[in-house]
């Protein structure tokens, strides 16, 4: 594209960093650029003239600082308690320019308005391509007809930069979409699990010894946790190791030609008696006979493949004990100064078009390796060898290689010198011949036991001359002939013990991540750094990793759930799918749908199994003593949208009295609440959605009731809905009351009101037998017609003698007294036959109501209970029942209990000195 009339065009050039912008401007202008200030004081604008493919251009070169935009949730979802964390898997997200980048955005807008072309000089990887499209979005918003092109370069040297600007290409939309997919997946998964973990654990446990528990975020990252998993798994392997003693026979022979050490070909034995027998046989007949002396074999030790990012990080860690994060920081600085090529690359094979000899020639002046570089270039020396192909090519950058000679700059640290030396020596080794050695193995026989010794003689060091980081150890052994006999100099039985593997060092951890496909070459070091920064792992002086208590507890909790959220499999599949997007085999939408559906299912199930996480944390941490009522309420699980304020969700909560309720998260602005049955021992929100209630979704709650607190016939486990459709919950509230404080203080004789959503009055028109409305249980059409004796009757009500017959099995019923808070002192008939669920209030029969109340199973699935507080609502007055002298108390299940009650909570199953709520209440129980 050129301007009409052949005049110069104005070209806006944008680099990823200010230093890169200055370097590119310096190369293209040959140091003659003019500088002016932009809106951001860090991102200056460089002006110069240049010709692109013969087209005169007025070049404007500026920069961004990394990503120009951030991906965020819509405002409504940003506050932690504004929504159910599960909603974050489908909540709207948007890209926006953060406040600290607004000045850069203004600079781009102003310069784009007066430009004809936009040339993108961002780093040539997926992340750089994504930043490029962020720049495009900003510039096109103010000038839609910009001519947009992309410059591809791998080193900040004259040759690469001039070639890049003369061969501009289209930006790669697929690369940018792959990064968009990764950002959205990481945001949704990370935010949901981070909120879940933090709200669940932070206020329950004393995690931070510095006293900053309340501000701590217990984060989850899709790459971070599998990386932590490698560390924990190795740690567990070490902890589980049990040392085992073993024995081996060692033999050596000293001659005039030197020492030969022979190894037992059995290796070792774990049975001491067997080892001793074999050793004694050798001692009794110690003469050694040479059985086999093969001709020396030529062996080769090949140089390494060309250097990619992962190998650079691993080798810098092994050779110099540099962290991967620091290695990349130093390498980036060397790249920006023009001394090495772009350091973030997966490629480990050079293109056939690369001028390999020119890079060697640059190094011939170096005092340490210059002479070796000169020998490489001499044809008669035979030292040159084309580098091997490692099999990886990211199509964006060549392997890491030196681009400019230096014997050490004045501003370089020791780490800069080491990393530069590693890059240069590695490249020189790649283009060198392999080392050659002659290897000999001698086998001997002593009393029927075989031993062997190996010797190696180096014939040509070749690449090992320059690659000082590797060696080829070996010893020269004396010359032996087949059939030769000798007496060993030493023959010993030595004991040793098995040892566990060592803790993972940084190089090992990078290898695990690379093999499992966790992260990319550009991000692996960052994932490791985050583990250390967030206190999930520590690193010792030998660069070996150990998990902290918090890191181990989190992995243990998820492992106990049965989900492999800490294993690499799930993340490896995501990384594979994102790579498929970058090559066009899958769309961004397909990958997002697949990954997020899978992870949302994991999240919902993990939330149901949260007790596993709590149990694991209990092993490592003390319970926190700073949790107050308001904080415990904020840690609830979302049940539904609040139908009163329509602004926040309603969450399951447990107050300090141990009673459960579903309350609006917008409290105290909104006080909408649904109190649950008083006998509720445990309650957890499930992933089951009620098909009847709305506005949805309304998630069902899994209840576990105290057996002593519910009437016969009701199951202790119940999967119920608080949206208004669950008749079983309504009946339990009618009979047993709720845990609300107002109800606990009601006057004697006041009937409990049903507070399940959608019903504020007693539902007397619901059949307790079939759970249908419109008839009483005595008129239920699904029941067998009552015989003369099946209808419960009380023929002598004034004499406390039961004449009521069970209408199920015909047995004579027993008169008992209820002990639940809502009906304490009220008498009822129940069948003494084991397994029979017949139940009827005595006063309803005497009033000729004929309603025999029987419980029905809820059909809810059971689950293993945890330790409960053993109480429902606070102790109240008995309501409406007769308590004659001599009448014994019984539980609602019909079991007799003492007439003496706990004066703290009113429960007759224990005395006050054994009350489980003794230390958790304010003492007002009357």
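All positions are counted from 1 along the displayed chain.
Quick reminder: no glycine exception, Cβ is built from N, Cα and C everywhere.
Positions annotated as Mg(2+) 1 binding site by Swiss-Prot: 16, 123. The feature site 'Interaction with DNA' is assigned by Swiss-Prot to 80, 195, 202, 344, with sequence analysis given as support. Positions annotated as region 'Interaction with DNA' by Swiss-Prot: 219-224. Taken from Swiss-Prot, the feature active site, O-(5'-phospho-DNA)-tyrosine intermediate covers 342. The annotation zinc finger is assigned in Swiss-Prot to 642-670, 767-782, 806-845, 901-917. Annotation source Swiss-Prot lists region 'Disordered' at 740-760, 775-806, 849-890. Annotation source Swiss-Prot lists compositional bias 'Polar residues' at 750-760.
Feature map: annotations from Swiss-Prot on the structure.
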residue	record	CB count, 10 Å
16	Mg(2+) 1 binding site	23
80	site 'Interaction with DNA'	15
123	Mg(2+) 1 binding site	24
195	site 'Interaction with DNA'	21
202	site 'Interaction with DNA'	20
342	active site, O-(5'-phospho-DNA)-tyrosine intermediate	23
344	site 'Interaction with DNA'	24
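The average pLDDT the prediction assigns to the zinc finger (806-845) is 67. Same-chain neighbours of the region 'Interaction with DNA' (219-224): 185-186, 189-190, 193-194, 196-198, 518-519, 523, 527, 530-531, 534, 536, 570-571, 574, 599, counting only residues six or more beyond its ends whose CB sits under 8 Å from a CB of the stretch. Residue 195 (site 'Interaction with DNA') and residue 202 (site 'Interaction with DNA') have their C-alpha atoms 10 Å apart, to the nearest angstrom. If you measure from the Cα atom of residue 16 (Mg(2+) 1 binding site) to that of residue 342 (active site, O-(5'-phospho-DNA)-tyrosine intermediate), you get 13 Å.
A Cα-Cα distance of 40 Å separates residue 123 (Mg(2+) 1 binding site) from residue 202 (site 'Interaction with DNA'). Between residue 344 (site 'Interaction with DNA') and residue 80 (site 'Interaction with DNA'), the C-alpha separation comes to 35 Å. Cα of residue 342 (active site, O-(5'-phospho-DNA)-tyrosine intermediate) to Cα of residue 80 (site 'Interaction with DNA'): a distance of 40 Å.
Cα to Cα, residue 80 (site 'Interaction with DNA') and residue 202 (site 'Interaction with DNA') are separated by 14 Å.
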